[in-house]
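Novice: What TrEMBL records for this protein is below:
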TRANSMEM  36-54  transmembrane segment
TRANSMEM  61-80  transmembrane segment
TRANSMEM  92-114  transmembrane segment
TRANSMEM  135-158  transmembrane segment
TRANSMEM  170-194  transmembrane segment
TRANSMEM  215-234  transmembrane segment
TRANSMEM  254-274  transmembrane segment
Amino acid sequence: MGLIANPVIPDAQCTLQSCSLLQAHYQYLPSLAGNALYVGIFGLLLAFQIIFGWRARTWGFLGGMFGGLVLEVIGYIGRIQMHSNPFIDGPFLMSLVTLTIAPAFLSASIYLCLSRIVVVYGEDLSRFRPRTYTLTFITCDFISLVLQAAGGAIASGANTPSQTQMGINIMIAGLSFQVFSLALFMVLTAEFAWRVSRSPARLNASFERLRETRIFTAFLGCLGLATLCIFIRSCFRVAELSGGFHGALANQQVTFMILEGAMIIVAVGALTACHPLFAFQGRWADAGWSLRGNVVSGKVMSVESLGQGELELGRVAGLSYERRSQIEDEEVRKSLRSQGT
């Protein structure tokens, strides 16, 4: 491997034997062991998320986690491929695009949790309705994802360095918007926590036992930790991409493995250890906002409770109809006996 750039050989045709790493996408060889370890960890977390999500039927939460973790696995496979040839574009762009957009999917799963937390503690204590939190942050996440994906697509199909840079700039815009969304999310979550602490007498009595469990308290902590880790990672990626691929930050492998990979592993690990399957103890659907208009005795009713109520009403109505029929038959028999006498 040469110590200086080889201007005779085009970068795309370089090998480790003929060219310097100065002509590679990164000025280092991605660690084979480190990236393989990350593939294994993310693959294992993906398996747990599928199992837990299927058992708890938390489909929205599972969708975000599934999308994000699949992209993480693909991204680190791309970095493994770069270990043997860091000069070609394919593995580089594969890892760049997937690892950039993956946390947007993970953020969506986090956003879905806030509306349910609001219901668990009490909608009256919140500045906004649970529906508003979900729709606002999912929309922000979608905008961020579209910008990052569009920038990645432009960078992947670029034929000139200027086109590649344009795609990267769009990705930076998407990442910056993601940082803003996460910051706003943390502010509004902290404000809701402050409102809850000031009005303990107004908490939702329907979820009192759930709130008192240790696993739900741990879930809140894990959710905060995951949000903070994704926020730190997103700030790092904005700084990294802004400095260019030949900048100092983009060429520090240890920094990348910690602030990109390790941050996401901690975030997903926290959301797996304190998964809604354990934290909500079967009441994830009860805390949803899609049926918030169906209220009985001040309690939000789930699909299951509504179904049971309808069955009970049907049973009572059936008994009433049967009783009326018996009374009518008895009156007819009495009338016939009186006529016979």
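Easy rule for this one: first residue shown is 1, then count along the chain.
Just so it is clear, glycine is given a Cβ too, placed from its N, Cα and C backbone atoms.
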Novice: For the transmembrane segment (61-80) and the transmembrane segment (215-234), decide whether they are in contact, meaning at least 3 CB pairs lie under 8 A, counting pairs 6 or more apart in sequence.
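Specialist: Taking Cβ pairs at least 6 residues apart, the transmembrane segment (215-234) and the transmembrane segment (61-80) are not in contact, as fewer than 3 fall under 8 Å.
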Novice: At a threshold of under 8 Å on Cβ distances, which of 135-158, 215-234, 254-274 pairs most often with the transmembrane segment (36-54)?
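Specialist: It is 254-274 that shares the most Cβ pairs under 8 Å with the transmembrane segment (36-54).
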Novice: Against which stretches of its own chain does the transmembrane segment (135-158) lie, if we need a Cβ under 8 Å and a gap of at least six residues from its ends?
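Specialist: Distant Cβ neighbours of the transmembrane segment (135-158) are 93, 96-97, 100-101, 104-105, 107-108, 111-112, 114, 128, 164, 166-175, 177-178, 180-181, 184-185.
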